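First comes the structure, then the notes that go with it.
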């Protein structure tokens, strides 16, 4: 291979290829010159150079999977409260021993999972006892009954005195072989906060440094070692107050068992002397320095390798400290010293002049926040108490007022029910309609009716108007009391009626015998007989009067309630039945004729089209009103509107009008009205 080929291959390795070959691991893009000096990099730079591919999934191994959720295994046990004196039965007004659910499920309302690790899961849950949000940590692995560190974390929380920069502990209990720890709920972790912002302002770094230093000093003053200080175990409240939590690896120097069973924390923040020995207070200072270094420089802290030793040897490039003050950089260098004897203690750091100044400023801020929070909580408690007091005070008055309103509604309903009047456009599903005479007659009489109504009413698009039989047959007599012009009263769900002409005889109209046979099996509707025999006391007086006077009375008197004028004449049951049958037959013939003239298009909304009215109904057009005629002289020749209407009629209408006119009765019933022509 010649030199040109060798140089091209070396350049491709140094600069990287723009498009990697298939089936080949993609190479990293070109690394900046500042990063060639050291393998250390920031988190943002690491995200930019990380290859965007995933390794293949490992092969499936048919073994028993580990328990990864608290819901997978459940044992029947009684919840035990963990106390310094030993476990005790746990009681709560929200807990029912007979319920199959656990104490955690009954007393808490689980909102979400906010953390998950090798030890367990952390839930954000609202307690039903006080309606406050808490963080509940649940162990995944069942607790070993004879283990020395069975309640180690819970006991550490109870031994350590409360501090403003430590996560507040409430209680811990054991149930179904698992440990539950209830603590206060913070807004977010420091790891999440730094990952979102990458580079934090120096003022925020000083505040975090001062808060954590006070928490570590509080632990060291009580002979406790945290042994797991890292951004993941540091939490921020909504007021940006930093708190140290997760006491799972806390070592009590007063307890020999804790010293013997001490475990190593996260290797990223581990002091070098812990690899060959045990954790000490100086190792906590080193972990605190690594946490402040990561928050200040956004450094991607390595967990092993040469970079891990490079940081512990103090070989950190200056480019990571760009824009950082000398005081903060010198303090970080002191805490990261490889010799634990040279590292300052928490007391030495608090006595530093710069930290003293920052501590005084931070203390003022924390006191103001605590005062405001206390005032807010007190005001909330008073407000809740006042609301509860007024609720109890005015509750009887509100109930009394509601009872009065209900009684008023009942009285109004009784007054309306006493009125024997069915309103216009009453739906058939109405209780008032079903109990009325019309509703009873409609349910009892199964008469074939026309499915269409071509009245000038508001109709929904593509909807059919259903007609139903009226309760009482009525008629308008225009001759010498003949029965040929009798017609059964029908009504529709509209507020207008129309006089329809009787069309020619249909091709196959219903026969009288069929109607008689149909009615003979069922009989005359009881409501019709009751309506036709209305006002018996007046019928007795009418039977004595001469027939001519009755006819005269019928011709010139009309009742607006839908009753027949001739109903006052006493007739026998047989005559009444025959008249009723003739009326039904006449209406069926008319409906049959209407069905033969159905037009296959639905009337538009709001009104019936004029062309449908002109082609179906034999009604004269509405004349155009000209009000100027009233102002003109009266000697003008009068216009015969009937002649104009006859001339403008279509040939089909003239043909229909040439037939023998058959008088039609009005279509009327209770609650409806018609326009006379």
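Cβ coordinates come from backbone N, Cα and C, glycine included.
Swiss-Prot has this to say about the protein:
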ACT_SITE  228  active site, proton acceptor
BINDING   114, 115, 116, 117, 118, 119, 120, 121, 122, 137  ATP binding site
BINDING   233, 246  Mg(2+) binding site
COMPBIAS  1-22  compositional bias 'Polar residues'
COMPBIAS  489-499  compositional bias 'Polar residues'
COMPBIAS  638-652  compositional bias 'Basic and acidic residues'
DOMAIN    108-355  domain 'Protein kinase'
REGION    1-30  region 'Disordered'
REGION    478-526  region 'Disordered'
REGION    632-677  region 'Disordered'
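Features recorded in Swiss-Prot, as mapped to the structure shown.
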| residue | record | contacts (Cβ under 8 Å, 6+ apart) |
| --- | --- | --- |
| 114 | ATP binding site | 122, 123, 124, 135 |
| 116 | ATP binding site | 122 |
| 118 | ATP binding site | none |
| 228 | active site, proton acceptor | 246, 248, 249, 265, 266, 287 |
| 233 | Mg(2+) binding site | 189, 244, 245, 246 |
Cβ density check for residue 122 (ATP binding site), other Cβ within 10 Å (all protein chains) comes to 21
Counting across all protein chains, other CB atoms within 10 angstroms of the CB of residue 120 (ATP binding site) number 22
Here the 10 Å Cβ neighbour count for residue 246 (Mg(2+) binding site) comes out at 24
Taking every residue in the domain 'Protein kinase' (108-355), the average pLDDT works out to 88
In the three-state DSSP scheme, residue 114 (ATP binding site) belongs to strand
Taking every pair from 114, 115, 116, 117, 118, 119, 120, 121, 122, 137 (the record's ATP binders), the biggest C-alpha distance in Å rounds to 14
